[in-house]
Amino acid sequence: MSQVGQVVGILRKLNGEYQSSTPKKLKLIDAYLVYVLLTGIVQFAYCLLVGTFPFNSFLSGFISTVGCFVLAASLRIQLNKANQSVFNVSPERAFADFVFAHIILHLVVVNFIG
Amino acid sequence: MTSTSLMMIILVILPFYSWCATPTVAANLSPANIDGLKAQFQTAMKSFSDVASIHYTLAGIKELGVVPPDTYCNDIKKLVDKSDVESIFHATEAARALANCKLPAEEYRALLTSTLQSDKSTTAEVYYAVRASVNLGLNVDESRVEKRLNALAKTDDSVASQGYALLTGAQLSQPIAKFYADTINDLVQQADEVDGRTLQYEGGVGTTALLVNAFYEVAEKAGVPVKIDPKQLIKFASYFSTKRHVATLRSAYYLTKVFKYLSDRKNTIPVVVSRTTPAAVSAQNPSVFVSVSNLFGQPVGEIFVVAESAKRKEDGAVVISKQKLTAKDSTSSIFELPFYDAKIPRGFYTIHLTLTPRGDEKLIGLTDNTIEVKVTSEAALENAELNVADRDSTAQAKTHKLTYPNALSEKLDLHSHQKLIIKFQVKDKRTGEYVRTQQAFIRFTNKKSKKEIIYLAEAVSGATAQYKAEMDLTSNAADFRYQSGAYDLVVIVGDSLLQNAFEWKVNDNVQLTFHEDSLADKNHQDLYLPRPEIIHQFRVEEKRPPTIVSLVFSGLTLLPLLILLVSWLRLGFNLSGMPLGLSPLVFHASHGAAFALMFVYWKYLDMFQTIRYLALISIPLFLAGHRVLAILAARREKKV
């Protein structure tokens, strides 16, 4: 019982920290990440439910969500001012990379979706 | 005892029977099929289509002693082709066969002369021209012909050409004929030997007969006997005597002429020895009758026949030595050899005969003549009995004694725990010994379906030679396809050396009851009927979920988008910082176009087209995007 209480307490503290210290831009990206995650979960649940036919469609859809998630996460990392020491790119450059990578990703996904 | 395939047995028996049925491969000659040749000519006489057929038929049938009527003269005149020397040849030969048929010689003279004078005529054409001229009574320039033949001998050395040269020589004067007669031996050496027994020339029976005929014709004209080694002459005769049926009239004609020459007393005659009685020697046919004749079937004069030896095929035992055959008629053409004797056991025998002519006839083929006979005996079935026993205990066997040819009158009832055994012995009535036979079976016939199930009776080794056939209702049930019911039971015994065979109906009401259910008979007819049609089955599509489910999930997938929009609005997403102007407009437009292209790619395009369009769109996209981002960067710099 106390363990559950401890976990709940930690989570509440985490949430509070997050809400206060994260800039708005990053929060927007986090919301996007959650959206992509949910979409991926729905697709996977569907696959588990009705089977993998047609497999290529499932794969492309799922990989699309995974790719979007990864690209958005990398954009977030690059935009986070706390990481500016490691990455030496401007936010605009990060965004341009994001757009370019997305075009490639979508091209591949649509090719594979069949 | 076991059910063996009937086919296997027949394959073993068949060689024995076929040996008896077909004529054996001996050095013997057989008489010519004179009746067949005559019939062939007579059939051809019904209608003629060309002058060569008329020639061969009329001349052929005249050789056989039938004079054709003169009415054919008109046919000859109608069918002759005046521009062809071969046609003229056939016409003159055919006219010669008739009693009174005159052909207009003057019409042909020019062509015949030109053929003989030409340097391009072949040996055959030279022969045709010479013979036709002789037939028509025209003069022939012999020295010119001789020169032409010599020239041709150098260029054309085929046997046919040499044959025609001989035939031409036979038409010319005697010295020339003698010259050609001396070349006969060379020509004989050019013949092909087959199996060491026959001699022939390339070209089949027609060419061979024409050549041998040429030998005799030219030798006759030259006044010398035909100088052919007797061994080789026999081989030629052997070849001709095997030709029972010939396809063409030409072959038939020359074959007839050859047979005539080979039967002519003036020449060396091959002797034909053949058996006239059936092959089986028994108490009813105790003697073997042998006929001696020439190829034409005529007697050859007084002759003595001695059976040198008679050897049994199985073990080579010799049963006769130097026994004289008695002539049955005054013309010395039929001889008798008594063969059925207590001292001669059953078996297949080869009798070697030697012939000795009384006078100085020019006969060949007097040795190496063999006759094949078989000595059979009558048999009896003895000590036959039928046992019904229990499978497990052999002690309780119910035995029925059987006597051939009586059937067992009582009904036999057999169940699946019983077995049926039949025993018998086959005795040779003459010698009293028990023999083994080639065929010994018992046969069950299903009374309803008439299907036969046959089992082999096997003999124990030893002098008693008792045959035993067994049918076990459990282990052999599959042979009957478990069909219980009434069956006929027959014992079959046979042998090629037994005079009588047995098909003995032992019982006609054998009830067999099998333990298992009966199976239907295999329908062997169905093998050749169309089989059931195979309909191609495409790969079965995988099961898809119902449309509702997929639609629901598609909706569910779009749901997070709503959640995103709501959370963005909550977080304060706004477009206030969006720059306005051409570059942002172009950027957003091309960005949107890129996504639209993805959709179009999914629906309509292929990769190559998409890449091209994408390349087109990406140019403004990158240019505008760069400008917009530069604006944003500048704005950020300014703020900071």
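Using the three backbone atoms N, Cα and C, a Cβ is placed for every residue, glycine included.
As annotated by TrEMBL, signal peptide applies to B:1-20.
Residues or ranges marked as domain 'Ribophorin II N-terminal' in TrEMBL: B:29-263.
Break the domain 'Ribophorin II second' (B:271-375) down by DSSP state and the numbers are 0 helix, 57 strand, 48 coil. Summarising the annotation, TrEMBL assigns domain 'Ribophorin II second' to B:271-375.
Counting residues of the domain 'Ribophorin II third' (B:382-508) by DSSP class, helix then strand then coil, yields 4 helix, 71 strand, 52 coil. Look at TrEMBL and you will find B:382-508 tagged as domain 'Ribophorin II third'.
Mapped onto DSSP classes, the domain 'Ribophorin II C-terminal' (B:538-636) shows 77 helix, 0 strand, 22 coil. For B:538-636, the entry in TrEMBL reads domain 'Ribophorin II C-terminal'.
The feature transmembrane segment is assigned by TrEMBL to B:548-569 (among others).
Through the fold, the transmembrane segment (B:581-601) approaches residues 607, 609-610, 613-614, 617-618, 620-621, 623-625, 627-628, 631 of its own chain, all at least 6 residues removed from its boundaries and within a Cβ separation under 8 Å. According to TrEMBL, the feature transmembrane segment maps to B:581-601 (among others).
As annotated by TrEMBL, transmembrane segment applies to B:613-634 (among others). The list of residues near the transmembrane segment (B:613-634) in space but at least 6 beyond its ends in sequence, with Cβ under 8 angstroms from a Cβ of it, reads 579, 583-587, 589-591, 593-594, 597, 605.
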Across the domain 'Ribophorin II C-terminal' (B:538-636), average pLDDT on the 0 to 100 scale: 84
